[in-house]
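Pulled from TrEMBL:
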REGION    1-46  region 'Disordered'
ACT_SITE  D112  active site, nucleophile
BINDING   Y167  substrate binding site
DOMAIN    205-308  domain 'Pseudouridine synthase I TruA alpha/beta'
Amino acid sequence: MMSEEESGNMLIKPLKRVEEGNGESGENGHIRKKLKSVEPTGNERKHPKRKVVLLLAYSGKGYYGMQRNAGSSQFKTIEDELVTALIKSGCIPDNHGDDMKKMSFQRCARTDKGVSAAGQVVSLKLWMIEDVMEKINSNLPPQIRVLGLKRVTGGFNSKNSCDARTYSYMLPTVAFSPKDYYTKNSAAFRLEPETLQRVNQLFGSYKGTHNFHNFTSQKAARDPSARRYITEMSCGEPFVRGGAEFAEITVRGQSFMMHQIRKMIGLVIAVVKGYSRDEVLKRSWGEEKVDVPKAPGLGLVLEKVHFDRYNKRFGGDGLHECLEWTEEEQAILAFKEEHIYPSIVETECQEGSMASWMATLPIHDFEATATGAQDKDREQVGEYNTIMYLPVQLSVVLC
């Protein structure tokens with residue numbers, strides 16, 4: 001026996017009693033614990049689980065954005081459809097649908113209600129079953145498609161690894177008409193080259209790093225996260241679809257806040273139409289609270305996401321592919337022509353979302369703060385809607 005001095009502070013614990021089913025008694029009465037064995041499922045035995053990215057294209061009409069809202073089946077999202085298709089295809093276990101962290105799921109961009117995408121990228125772990133893309137697409141509605149799949153590193157995160165995002169915004173060119181422009185057939189409007197040049201001068205002002213706290217909600221003027229870097233913004237040449245003239249705006253930036261792009265476009269439209277002066281852009285980047293109108297969500301499309309740093313580090317290592325989608329470009333264009341463009345044109349012609357929004361521009365006070373402008377004008381909104389809004393809306397609906 002050890003003396004008290006020899007044992008020191010050694011703590012001697014009594015042996016636990018062996019309970020039925022918890023272990024077996026071995027030699028000298030020592031306990032041997034039983035290890036719980038988990039039988040692999042059929043797919044786990046047959047197919048390896050790998051970290052991949054999926055290239056997604058979808059028309060956002062009828063959906064409440066990209067991100068899944070757990071426990072809210074009333075508001076269907078793009079991810080609801082995707083997760084259901086992954087389970088039905090045998091790519092992920094059933095319980096991964098309830099907790100998407102189990103498959104390390106991450107989206108590159110969170111698109112809002114009604115917003116479409118031609119180049120959304122999500123990263124996740126799934127079983128590499130045979131004909132995986134075909135099986136996933138067979139369980140998706142026609143307006144959502146997986147157009148590409150590539151293996152990535154185990155620690156890849158589509159959101160954190162993304163260097164930049166490119167969006168487009170398709171709108172009727174009548175949005176750039178003078179504020180006193182009035183006709184029963186807005187489809188007859190054609191954008192003059194001089195006006196397009198002025199539009200692009202204004203969009204060019206956004207390039208660089210600015211404080212965009214006025215272009216989103218619930219951001220303080222001195223919040224560092226409101227500073228965003230824009231590398232490109234321009235409006236292309238107009239084209240005719242469905243008898244009306246449209247144009248496509250392209251904007252590329254490091255990242256964007258909620259509603260930021262729609263407000264950037266809305267403010268330029270207000271300036272071009274004559275509701276405010278050019279200097280309002282610079283003032284909106286200051287600490288003053290500026291009333292910035294938000295253009296409709298219809299027409300906004302996530303075109304492409306960029307992974308320059310990842311491609312430089314891993315794209316040429318012989319194990320992983322560059323996250324470029326040159327081979328899928330034809331499929332992307334075909335999807336846009338079949339699902340995205342027709343949806344935008346048809347909805348604009350039928351509902352006139354841009355026309356309805358333009359009719360609200362007079363209630364904005366671009367010289368005052370947002371709070372002051374809204375308080376001052378709300379008293380007149382009822383009268384304005386009754387006298388002016390309905391005739392204007394009906395007169396500028398396209399097609």
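Glycine is treated like the rest: Cβ placed from N, Cα and C.
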Practice prompt. State the mean pLDDT for the domain 'Pseudouridine synthase I TruA alpha/beta' (205-308).
Written response: 96
Response to the item:
Per DSSP, the domain 'Pseudouridine synthase I TruA alpha/beta' (205-308) contains 26 helix, 33 strand, 45 coil
Fill in: Set of same-chain residues at least 6 away whose C-beta sits under 8 angstroms from the residue listed as 'active site, nucleophile'
G65, M258, H259, G297, L300
Discussion item. Restricting to the chain of Y167 (substrate binding site) and a gap of 6 or more, list residues whose Cβ falls under 8 Å of its Cβ, or answer none.
Written reply: T250, V251, R252, F256, I261, L300, V301, L302, E303
